[in-house]
Amino acid sequence: MATRRYSFGRTDEATHPDSMRASLAEFASTFIFVFAGEGSGLALVKIYQDSAFSAGELLALALAHAFALFAAVSASMHVSGGHVNPAVSFGALIGGRISVIRAVYYWIAQLLGSIVAALVLRLVTNNMRPSGFHVSPGVGVGHMFILEVVMTFGLMYTVYGTAIDPKRGAVSYIAPLAIGLIVGANILVGGPFDGACMNPALAFGPSLVGWQWHQHWIFWVGPLLGAALAALVYEYAVIPIEPPPHHHQPLATEDY
């Protein structure tokens with residue numbers, strides 16, 4: 001991962017083949033993640049019909065999202081960094097790890113991947129409407145906003161610790177697994193309340209295809225804010241600042 005550097009991007013970055021390859025990788029990985037994650041929810045609806053949401057279903061959703069994200073990040077990490085999430089890309093931008101141009105390319109690719117995944121799901125499930133995300137009845141909107149901020153903070157902090165930190169060492173080999181596990185764990189926490197989104201792309205595609213926009217803003221503003229906070233905390237409080245090099249003449253022997 002590159003060192004911290006805030007920039008809009010080079011003039012040739014918009015058309016460079018590496019940018020195109022990275023954007024394609026983000027599109028494909030986001031498609032994989034949304035198809036499996038949202039698809040698992042539709043499958044449970046098909047199996048259990050109108051029965052009450054159970055702990056077993058929650059566990060199944062958590063595992064499906066964790067495994068899918070593990071695979072999606074693994075498949076694209078060496079090409080694009082394996083963001084698979086506009087909030088992660090935003091956090092990397094706030095932390096000075098990617099340029100504005102690269103972030104915009106990733107956002108477009110991630111949203112398109114989510115839309116295509118939701119469209120394919122609607123096609124192959126005989127027109128079942130993707131459910132997207134919403135706040136559960138009796139749960140305060142403000143509380144869910146804070147929950148999304150906190151859960152995405154944990155996700156972005158994990159991304160930094162395993163995939164971005166220059167001194168991460170061998171822990172980078174388990175980055176995709178760690179990222180998938182934190183998402184699965186957060187779904188066990190937040191799933192009964194608002195679905196535990198943490199990813200604007202995961203919310204956007206199903207909401208567009210299913211045309212369900214109620215309280216949709218929570219699943220954008222909360223994750224973006226949480227990722228930005230985690231990036232700032234890790235960049236400026238956790239990653240050590242290298243001291244500037246000292247240029248001096250060695251003391252003569254008689255000066256010791």
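Just so it is clear, glycine is given a Cβ too, placed from its N, Cα and C backbone atoms.
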Same side of the membrane or not: does Swiss-Prot put Ile47 with Asp165?
no
Could you count the residues of the topological domain 'Vacuolar' (45-57) that DSSP puts in helix, in strand and in coil?
7 helix, 0 strand, 6 coil
Give the sequence-ordered list of residues that share a chain with Ser7 (phosphoserine), lie 6 or more positions from it, and have CB atoms under 8 Å from its CB.
Ser99, Val100
Go through the chain and flag residues at least 6 beyond the ends of the transmembrane segment (170-189) whose CB is under 8 A from any CB in it; none is fine as an answer.
58-59, 61-63, 65-71, 73-74, 77, 82, 151, 154-155, 158-159, 161-163, 195-196, 198
Selected stretch (most C-beta pairs under 8 A with the transmembrane segment (103-121)) from 25-44, 58-77, 144-164:
25-44
